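J.: What Swiss-Prot records for this protein is below:
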- 164-437: domain 'ABC transporter 1' (DOMAIN)
- Gly197, Pro198, Pro199, Gly200, Ser201, Gly202, Lys203, Thr204: ATP 1 binding site (BINDING)
- 515-728: domain 'ABC transmembrane type-2 1' (DOMAIN)
- 533-553: transmembrane segment (TRANSMEM)
- 621-641: transmembrane segment (TRANSMEM)
- 653-673: transmembrane segment (TRANSMEM)
- 677-697: transmembrane segment (TRANSMEM)
- 706-726: transmembrane segment (TRANSMEM)
- 765-785: transmembrane segment (TRANSMEM)
- 860-1112: domain 'ABC transporter 2' (DOMAIN)
- Gly905, Val906, Ser907, Gly908, Ala909, Gly910, Lys911, Thr912: ATP 2 binding site (BINDING)
- 1185-1399: domain 'ABC transmembrane type-2 2' (DOMAIN)
- 1209-1229: transmembrane segment (TRANSMEM)
- 1244-1264: transmembrane segment (TRANSMEM)
- 1292-1312: transmembrane segment (TRANSMEM)
- 1319-1339: transmembrane segment (TRANSMEM)
- 1349-1369: transmembrane segment (TRANSMEM)
- 1429-1449: transmembrane segment (TRANSMEM)
Amino acid sequence: MDAAGEIQKVASMRLGGSMRGDSGSMWRRGDDVFSRSSREEDDEEALRWAALEKLPTYDRVRRAILPLGGDDGAGDGGGKGVVDVHGLGPRERRALLERLVRVADEDNEKFLLKLKDRVDRVGIDMPTIEVRFEHLEAEAEVRVGNSGLPTVLNSITNTLEEAGNALGILPNRKQTMPVLHDVSGIIKPRRMTLLLGPPGSGKTTLLLALAGRLGKDLKASGKVTYNGHGMEEFVPERTAAYISQHDLHIGEMTVRETLAFSARCQGVGSRFDMLTELSRREKAANIKPDADIDAFMKAAAMGGQEANVNTDYILKILGLEICADTMVGDEMLRGISGGQRKRVTTGEMLVGPARALFMDEISTGLDSSTTFQIVNSLRQTVHILGGTAVISLLQPAPETYNLFDDIILLSDGQIVYQGPREDVLEFFESTGFKCPDRKGVADFLQEVTSKKDQRQYWARHDKPYRFVTVKEFVSAFQSFHTGRAIANELAVPFDKSKSHPAALATTRYGAPGKELLKANIDREILLMKRNSFVYMFRTFQLMVVSLIAMTLFFRTKMKRDSVTSGGIYMGALFFGVLMIMFNGFSELALTVFKLPVFFKQRDLLFYPAWSYTIPSWILKIPITFIEVGGYVFLTYYVIGFDSNVGSFFKQYLLMLAINQMAGSLFRFIGGAARNMIVANVFASFMLLIFMVLGGFILAREQVKKWWIWGYWISPMMYAQNAISVNELMGHSWNKIVNSSASNETLGVQVLKSRGVFPEARWYWIGFGAMIGFTILFNALFTLALTYLRPYGNSRQSVSEEELKEKRANLNGEIVGDVHLSSGSTRRPMGNGTENDSTIVDDDTEVTQRGMVLPFTPLSLSFDNVRYSVDMPQEMKAQGVADDRLELLKGVSGSFRPGVLTALMGVSGAGKTTLMDVLAGRKTGGYIEGSINISGYPKKQETFARVSGYCEQNDIHSPQVTVYESLLFSAWLRLPEDVDSNTRKMFIEEVMELVELKSLRDALVGLPGVNGLSTEQRKRLTIAVELVANPSIIFMDEPTSGLDARAAAIVMRTVRNTVNTGRTVVCTIHQPSIDIFEAFDELFLMKRGGEEIYAGPLGHHSSELIKYFESIPGVSKIKDGYNPATWMLEVTTIGQEQALGVDFSDIYKKSELYQRNKALIKDLSQPAPDSSDLYFPTQYSQSSLTQCMACLWKQNLSYWRNPPYNAVRFFFTTVIALLFGTIFWDLGGKVTKSQDLFNAMGSMYAAVLFIGVMNCTSVQPVVAVERTVFYRERAAGMYSAFPYAFGQVVIEIPYTLVQATVYGIIVYAMIGFEWTAAKFFWYLFFMVFTLLYFTFYGMMAVGLTPNYHIASIVSSAFYAIWNLFSGFVIPRPRVPIWWRWYCWACPVAWTLYGLVVSQFGDIETPMEDGTPVKVFVENYFGFKHSWLGWVATVVAAFAFLFASLFGFAIMKFNFQKR
């Protein structure tokens, strides 16, 4: 019997062969009276190990001894057995982790020490990495001042200039801006390094440089080495993990799936090799490891698993277990909280095997206790397992700060200090600065190099203070003992021979290509399931279109008696091909929206591009069978195509190939354009070229010789030829109609009349071409994703002042007046005698300022507020029986004027939910309880006028500047009686207050892409609300994402606001002592939505501390410890369980609660002689002013949106020139009917394509602005009509220019008749047609919840409009039951107008003697006398769609809160 059999025999002695059987486990527990003697167990254990030892190494490292069957897996309820770790199920993994790390805070260190101990016992060294960087420099090329603003004009001149630079004929006007300047240092293994520095100091650039990830747009010099090896000697992306500050994830995946996918791609590194060696040495030394540790290490070292135990471990230590099976979510899909998303970004890299971690601002949105726990876990890993870590944190609390061994302080791209944490204060004291007692050292370090904050820390009273520049600090550090030690160490190169062979990754990917492909296939299948609605909708849409097509080309109406009737069949075939092509259009949006995540993962070397592109192609093939099947099976017989079954299947086969070709084409365009707007325009353009040169619109003989190559490379030509030959060479058409005229069969005559090759082999040529194009486009898609970089993501422009300041700081000069800050005139704090919060202790002069406008102080009280939502489906699936999930459970409290209240609690306590309920921002769910404003019940309409709400996500119009954003808000929210000068003065004062003066002309931009930094955006959000002069302000996490200095600026703003007598409530996550003690009162909630403290903080938080310390069992606060952190730590659910208490019950029995209840009762009564809030109008400005303001903002946004406007002008011009050259001089020919068809084809193609381009490219623009509209409307700035008015009216001038450019070029080149009337009619129809298309696109966005669905809905109508336009089938040939739609189709009216205005009055006879005018009337049904009516109807369509857009915006709100 082999060894494996022996193991099985031993295991089955007790278990009857069941590897994980449950038999008897219910009553047999660890210390049960029935348990076997420990000796017997030990013997059995020894037997198992002996059997394991006999296995060959490969099998031995795959098997471990685990408890079997115990329900919770703790203890050995079902005895122990040998299990293949590769197949561990979720329950076994959870049980194993539960035994190893029951509580992450307490057990993680013990667990890691056990791992280390096992490795140390056999003398294996852990690989470590020492990172050195010497003389690193980085500078960016930027445009200075207004030339960098992305206006339509600038984008054209800058593009031309860059082309000139590349050719060397124009000078480069860009200037260089220093980002990093001559930085050198050493990052040691087994030490935690904290990277600090104000925003813009170059932290991200330094981390990217150290991780080997610097972008090509930076000029960099200097060298970075790992264990003495240069970056080119190994693969830095896999040796080091860079964790970005931007959270890019696929919203439709759960947290667990996201991390599991990442673990699968990154592989297990050298874990398996180490385990093999470990196993070998243990066997030689006869050492038996701890069974659970052995199982964990073996399971974690197995590559190619869909779920790895390591993923579960990371979920545990990051505190993500609670939301592991929740969707990550995005702006349109509800998912996890911001703090949880941040942890997912961290976890995504931690599940991999990288030994060096460079983490960029990983604590944004986390409370201080969570941050502490995560950093502590990282510290244990780094110290025990020998990792290397550099972590930049924004606002580390003192206890988190103390976890680090080394500090790097960066300012203006230079290292001010690098070395042990213990020496940093000594260094600054040597330069004359001292950190006050109740001040976190990290906060002190962030502020001490800043011009605005430095003065308060000056400690040499014998000398007058003067500003010490960064350059002076840098030179002081070089002569300081720590600086000298680093310089000496750098002088001696690292000994490469000491580098562990497994320390640096040398393979490009973490897993074999086959495994990466499999991982991507699994993910793609998952996403297709989650996005199944899109595919179902697409199939449904095709079904609808096929129903229309088959009733339009109905077989009883379809004759086979002439070449003309054959033309109608050709029309039906052409329409089918076009529909199947258009069906692939939604691939464009699906591709582009997944690209940001793809680029992130590709650059981290998760997988090569081909392993991503192949599944996105192959897995769509089964869907094609269903979609195309639906169309062909429904239409083929009903339209009456050739009745031969072979022709039927050949048509189905060809349509499948066409659909695949179209999907591949759109995926390629999406991958190459990488931006939705550009992709839409480009896709329309490609379709247009393929269609016009495809042989149906313009017959082959009519194609100009300079364009004939286009005909031969158009996929549509091959599709059209193949499908026509398949039908018209069939036996139904194999008859001679008029033998005297021609002895060719009818089918051949029809084919020849349309310039199609009348040979049967063209079916297979066409089919082969479709397959060829499919492969080509997929290959091009793969190449695009392999080599292209993400779309426009670097910062392009800076202001003159900013550049001057950067350069001056580099040279140690001082620019401008130093003492310009609010708060910079505080008295210096010698020896830390000043203890109060520096934020509160501000100049009274500041607090009295900025308030030139009066307001009424208001209080807000709420009693027994409950909020619940419908039970989510996932929870119902897990067996939860309730219909509703209660998020707030009877919360009561009050907020008063002049009192700053902090709303706190751990993640998931319901802080934002409570705030949304009180502010009236919830759009769904069930609210109960009473809310009163100064004693009167709250009415949302009036409340919006007196309140401000600063959202956590800073949503602003991207294309306006800071000053313009504030001007817009003030203009619409301040009362009408405030004149323009007072308004501007007030804005200036608010900008001073929020310290935005230096950024007044900076473009806001999109978060994470361009424009303002997180902290500047946050201050803008506050300023936008402040300029409204509200009485009550809600702020959702105003300091999240900010460093200590920025947070202090924001809190100073908040404090100044409160001191003017306003009511301010802030939710807050991880306040420093400074920030926490700037608050007057605290409203504390626990997870589950119950309050556990509401009351004053007291001096140095004394009241709060006294309350919690009076609860028996709560540990006392340590000296100098942050009360906010202590309070969150002592009130966790774990603490409640340990003490056996419920903090909300304790609070409800306290005297404090009674006092609060009395206060709420008091505030719920109106004051004598007071009256309820009343405003004569809902909005502060008249409708006309609202319209003008919205138009003003839209005007700025459009002018600065070149991806939309410059691109559409460019493409319109290109299309005009193309059409001009393709249809050159065909406008004057009217001798044959085909000449008229050609001229009409030029009109039809232009109308349809430029129209569709406008329609699709306007949608993303409106979708972005709509999210801003939701915020601004909720803030009571304007109603829906003015917004719609602004959005609609601004399109008119742009469309006018677009149509004029097109009209002049095309009219001249095609050679229509040169009379003023005809020219202006042509222009009139083009202008209004482009307008109604644009407004239709806007309407589609207004009527649908998101951009994806809008593009699908609108594309459905393109098809129907195309069909009824009068080109594919003329109106007189349309069956009577569809004739009504010819009158309802806007494109049909446009073509009517264009054809009749050009040809409706021409009396010239054609070759058969019929006057042109008569042919137009008979064949198309177009009468010249109707021209005026036609013009009216076309203009009316534009008006109708614009009105429907306004209506949709007014009635539908798709924001879910």
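Even glycines carry a Cβ here, placed using N, Cα and C.
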J.: Would the transmembrane segment (1209-1229) count as touching the transmembrane segment (677-697), i.e. at least 3 C-beta pairs under 8 angstroms with sequence separation of 6+?
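T.: In this chain the transmembrane segment (677-697) contacts the transmembrane segment (1209-1229) - 3 or more Cβ pairs sit under 8 Å.
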J.: Ten-angstrom check, please: count other Cβ atoms within 10 Å of the Cβ of Gly197 (ATP 1 binding site), all chains counted.
T.: 24
J.: Including all protein chains displayed, how many Cβ atoms other than that of Ala909 (ATP 2 binding site) lie within 10 Å of its Cβ?
T.: 26
J.: What is the total of other Cβ atoms whose distance to the Cβ of Lys203 (ATP 1 binding site) is within 10 Å?
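T.: Total other Cβ atoms inside 10 Å, all chains included: 24.
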J.: Residues near the ATP 2 site, Gly905, Val906, Ser907, Gly908, Ala909, Gly910, Lys911, Thr912 excluded, by Cβ within 8 Å of the Cβ center?
T.: Ser337, Thr913, Met1085, Arg1087
J.: Of the listed stretches 533-553, 653-673, 1209-1229, 1349-1369, 1429-1449, which one has the most C-beta pairs under 8 A with the transmembrane segment (1319-1339)?
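T.: Per the Cβ count, the answer is 1429-1449.
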J.: Taking the transmembrane segment (1292-1312) as the first stretch and the transmembrane segment (1244-1264) as the second, find out whether 3 or more Cβ pairs fall under 8 Å, excluding pairs closer than 6 in sequence.
T.: yes
J.: Residues other than Gly197, Pro198, Pro199, Gly200, Ser201, Gly202, Lys203, Thr204 within 8 Å, Cβ to Cβ centroid, of the ATP 1 site?
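T.: Near the ATP 1 site, the remaining chain residues are Leu410, Ser411.
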J.: Here are some binding-site residues: Pro198, Gly905. Which one has the most Cβ atoms within 10 Å of its Cβ?
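T.: Result for the most crowded candidate: Gly905.
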J.: Given the binding-site residues Pro198, Pro199, Gly202, Lys203, which lie close to Gly910 (ATP 2 binding site), meaning Cα to Cα within 10 A?
T.: none
J.: Which whole number is the mean pLDDT over the domain 'ABC transporter 2' (860-1112)?
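T.: Mean pLDDT for the domain 'ABC transporter 2' (860-1112): 88.
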J.: So what's near the transmembrane segment (1349-1369) in sequence-distant terms, Cβ-Cβ under 8 Å and 6+ beyond its ends?
T.: 534, 537-538, 541, 544-545, 548-549, 552-553, 568, 571-572, 574-575, 578-579, 582, 585-586, 588-589, 1240-1241, 1244, 1247-1248, 1252, 1255-1256, 1259, 1263, 1336-1337, 1340-1341, 1343, 1378, 1381-1382, 1385-1388, 1390-1392, 1420-1421
J.: Just how many other Cβ atoms lie inside 10 Å of the Cβ on Thr912 (ATP 2 binding site)?
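T.: For Thr912 (ATP 2 binding site), the count of other Cβ atoms within 10 Å is 19.
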J.: Around Val906 (ATP 2 binding site), how many other CB atoms lie within 10 A of its CB?
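T.: Summing over all protein chains shown, Val906 (ATP 2 binding site) has 22 other Cβ atoms within 10 Å.
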J.: So what sits near Pro199 (ATP 1 binding site) in its own chain, CB-to-CB under 8 Å and at least six residues off in sequence?
T.: Ser1013, Thr1014, Glu1015, Gln1016, Asp1043, Ala1046
J.: Mind checking which residues reach the transmembrane segment (1429-1449)? Cβ under 8 Å, same chain, six or more beyond either end.
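T.: Hits for the transmembrane segment (1429-1449): 1266, 1269, 1280-1281, 1283-1285, 1287-1288, 1321, 1324-1325, 1328-1329, 1331-1332, 1335-1336, 1338-1339, 1342-1343, 1386, 1389-1390, 1392-1393, 1396.
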J.: Among all protein chains shown, how many Cβ atoms are found within 10 Å of the Cβ of Gly202 (ATP 1 binding site), not counting that one?
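T.: Excluding its own Cβ, the number within 10 Å is 23.
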J.: Under 8 Å Cβ-Cβ from Ser907 (ATP 2 binding site), six or more apart in the same chain: what's there?
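T.: Non-local contacts for Ser907 (ATP 2 binding site): Ser337, Gly339, Gln340, Leu366, Asp367, Thr370.
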J.: Restricting to the same chain and to sequence separations of six or more, state which residues have a Cβ under 8 Å from that of Gly200 (ATP 1 binding site).
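T.: Result: Ser1013.
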